[in-house]
């Protein structure tokens, strides 16, 4: 926590969510976070938010927030969204959202969003039930960990051959 005698109005202010994020990356998306690290006034309040920009056909890949539930609102465009429940059922819930639609991703559920329009960008705002929700992108964590998870373990886990796992790990 910050010393109360040094707190200013700027600790409760974040400019810039009107600025589109750069989506020229492999996933075609950019998350602009407003967590306690960007907005100190959120510290201990249990809330945060993000702006997510999607290029045409872009996606926010499967990920989870270990410390937060997320509620997402589409501001522009349309998104396919979905999440998967935990073992043993692993139910996949998916929906196509349009401007003004809202969808909730339960805490720690693996979830994703994809811009369903291949000709125009999309934008969403999401609120999270933590000032520090964390994010674990599934592919990055599994194939890009340092040091890497043994290719033998991943091959058996995903029913792949070791060469395919080595190739996947080389991408991260």
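Think of each number as a place in line: the chain as shown, counted from 1.
Positions of Cβ are set from backbone N, Cα and C atoms, glycine also.
Copied over from TrEMBL, here are the features:
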- 60, 65, 70: oxalate binding site (BINDING)
- 63, 65, 70, 111: Mn(2+) binding site (BINDING)
- 15-166: domain 'Cupin type-1' (DOMAIN)
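Overlay of TrEMBL annotations on the structure.
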{"residue": "60", "record": "oxalate binding site", "Cβ within 10 Å": "26"}
{"residue": "63", "record": "Mn(2+) binding site", "Cβ within 10 Å": "20"}
{"residue": "65", "record": "oxalate binding site", "Cβ within 10 Å": "23"}
{"residue": "70", "record": "oxalate binding site", "Cβ within 10 Å": "23"}
{"residue": "111", "record": "Mn(2+) binding site", "Cβ within 10 Å": "22"}
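Annotated pair residue 63 (Mn(2+) binding site) and residue 70 (oxalate binding site), C-alpha to C-alpha distance, rounded: 12 Å. Excluding 63, 65, 70, 111 themselves, the residues of that chain whose CB lies within 8 A of the CB mean position for the Mn(2+) site are, in sequence, 64, 68, 83, 105, 109, 110, 133, 135. On a Cα basis, residue 60 (oxalate binding site) lies 9 Å away from residue 111 (Mn(2+) binding site).
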